[in-house]
Each structure stands twice: as C-alpha cells, then as structure tokens.
Amino acid sequence: MSRVSEQPVDRITIPLLQRWKQDGRRLVMTTAYDAVAAPIPDPSIDISLVGDSGGNVCLGFENTPPVSVAMMNHHLEAAVRSKPRALLVADMSFLSFHVSVEETIRNAGGFLQRGAAAARLEGGGKRIEMVRAIVDCEIPVMGHLGLVPQSVNVMGGFKVQGRKVDEALRLLDDAHRLQEASCFALVLEGTPAELTARVSDSLTIPTIGIGSGPDCSEQVLCFMTCWAKPKVIAPNSFPPIRKAFSSSMMRFRAGQRMSAVARSPARKSPIGFPKALGRQLPTGRHPPQIITSVAELRRTLAKSRSANQRAGLCRRWAISTMATWR
C-alpha cells in the first residue's frame, strides 16, 4: 500500500499547528533575532520566536527586564525581512503589558503591524485579563508559565517552579485559565517533568517546553546557543549539544532531531519532582476541580476518603479563592 506524503506547507498558521497537535505530531520551535539567523533553520521549523532572550544572547544583559518595546520591535522587523515560513511570534517585553489594557493592546498590535503572527506574554493570574483583552482584538496570544524570566527578581533567580503543592496546583489552574482565555499555545519553562506531563495531557492546545522534560508538544531551541553557551542562560533550558558537534549547523540539526523525538533537554529530566506531590495532582483531560464556596468545600470534604485527599481539597479551595482576589 502506498503512503501518501503530506503536502509541503508554504506558511505555518495557528490552525495548522492546532491540527498537528491533535494528530500527535511533534513540533519544533527556535528563536530568531535578526534577518541573518532567522532563515537558516526555517525549512524545518514550525514556530520562530523573536524572544526577549535576545537581551541575553545578543545584547549581553544578565536578564530580560532591561529589554524594551523598541528593542523588540527592532529585532522583529529584522526577522520579518527574511520572510520566514515558520509562524513568527514576538515576545512582549517587561512593562509592555502591565500598565493598562490600552497600552497592552497597542504594543501587541504593533507586533502584528510589523509582520508577526502572534504575541507571547508571560505569567498567569492578573495577566489573564490582559490576554483576554488582546485576543478580543483579534491578536493571537501564546502564554508562558513556570519560570518566567521577567519575574526573575521576584523569584530570586532562575529557579524551578512547581515543586510545591500550591505552586503546582496554581500553575495547573493558570494553564486552564489561559486556555479558556483563548491562548493558542502555552510555554512551560523550568517546571518538573511530571508536572509538565500532567499539564500537557490536560490541555487541548499545544505546550512548548523549555527545560521542562520531554512530554510537551514541542521544544524550544535557542538558536544562538548552538554556536556558544552564554553564561547567563540557565543550563536546563537547552540541549547539551555544543561539545558533541564541531559544525554549527550540525549542532543545530542535532538539537532539532532531539526536539522532534522529545529528548530536549534530556529524556531523564534534570528537575526533580516529589512523589507525594505527584499523587495530589489531578490527571486526565479535565481541569482541576475548582471549589468556590465554603459550603461546596464542606460537601466535597465529606466525600473524601483520606487525610491527604482532604488536605489537597483545602489547598485547591485556597488557590481558587486567591484567584478571585488577584
């Protein structure tokens, strides 16, 4: 029986990515900061991200908060000139989506006016209303949870997120709220592999991993790290391919193959995950139970069978209550 090959695609679109997610196809995403680097990997890349990580790998900043809207527009305009086949997504920089809804929409809309197909926005909680406002203006949004580099000063450094029960449940809740706000994809950075797998399995949108284990729909390759390893980049956020290959393009293609078979950064996740926490996380394709009243909490506690289960229900109720305060 002959096998019909998939027709080549002239331009990657969001509906196409979502269809590939449903088909179980592995996707590949890389960064692009200028017109020279952007087209090099393009024939085999699905998403090209003009990331604020350019502040680290191109401009020498220690973190991403110094990156401005003007800097992002500069890098985006350069990448657009290469006419990439991949879906082009641009990062909303620090303070570009914090001040007001109007300013947030203007900054995100500016990306589309310059040729991007979507904007990426970090955080959950209070940022979800901003996501809804942007999407209501017909601007596609990619979410980002876990280790969010723009909040590095609050986190006290580049630290793994989601090892504690309240952190993991809040991340799972935020992931579903972002999906409900119509994000077309979600980045999970610096989260334990088992938590990443639970989140990915419970969502219908594609998930994109950065140092979060192998179970996302796709993995991110920072293109510049195939040439060098800047000291400011977290070691878990890209595959260990630099020493294995002398040719820069061989490095990139090796990283691409690792992403395609879900081995970035490694099949064995470097990020630990407490077994007790794994037992308390919900599984399956349904969002975690959200308890919104004391009466509902009491009814649910009466049906629970163990002290651990009751403790987990109380934590979820606390997180649900905090979500309404944010």
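Each Cβ is built from the backbone N, Cα and C atoms, and glycine gets one as well.
Per Swiss-Prot, these features apply:
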| type | residues | note |
| --- | --- | --- |
| ACT_SITE | Glu189 | active site, proton acceptor |
| BINDING | Asp52, Ser53, Asp91 | 3-methyl-2-oxobutanoate binding site |
| BINDING | Asp52, Asp91, Glu122 | Mg(2+) binding site |
Original post:
Just checking: which of Asp52, Ser53, Asp91 have a Cα that is within 10 Å of the Cα of Glu122 (Mg(2+) binding site), counting only these binding-site residues?
Top reply: Asp91
Original post:
Roughly how many angstrom lie between the C-alpha atoms of Asp52 (3-methyl-2-oxobutanoate binding site) and the residue listed as 'active site, proton acceptor'?
Top reply: 14
Original post:
Relative to the Cβ position of Glu189 (active site, proton acceptor), how many further Cβ atoms are located within 10 Å?
Top reply: 24
Subject >> DSSP-derived class (H/G/I helix, E/B strand, else coil) of Glu122 (Mg(2+) binding site) >> reply: strand
**OP:** Ten-angstrom check, please: count other Cβ atoms within 10 Å of the Cβ of Glu122 (Mg(2+) binding site), all chains counted.
**Re:** 23
Original post:
Among all the protein chains here, how many other CB atoms are within 10 A of the CB of Ser53 (3-methyl-2-oxobutanoate binding site)?
Top reply: 26
Subject >> Three-state secondary structure, Asp91 (3-methyl-2-oxobutanoate binding site) (per DSSP) >> reply: strand
Original post:
Across all chains shown, how many C-beta atoms besides its own are within 10 angstroms of the C-beta of Asp52 (3-methyl-2-oxobutanoate binding site)?
Top reply: 28
Original post:
When you average the Cβ positions of Asp52, Asp91, Glu122 for the Mg(2+) site, which other residues in that chain have a Cβ within 8 Å of that mean position?
Top reply: Gly51, Ser53, Thr64, Val67, Met92, Ser93, Phe94, Arg120, Leu121, His144, Pro149, Gln150
**OP:** Provide, as an integer number of angstrom, the distance between the C-alpha atoms of Asp91 (3-methyl-2-oxobutanoate binding site) and Glu189 (active site, proton acceptor).
**Re:** 14
Original post:
Which number gives the other C-beta atoms within 10 angstroms of the C-beta of Asp91 (3-methyl-2-oxobutanoate binding site), all protein chains shown included?
Top reply: 29
Original post:
What three-state class does DSSP give Asp52 (3-methyl-2-oxobutanoate binding site)?
Top reply: coil
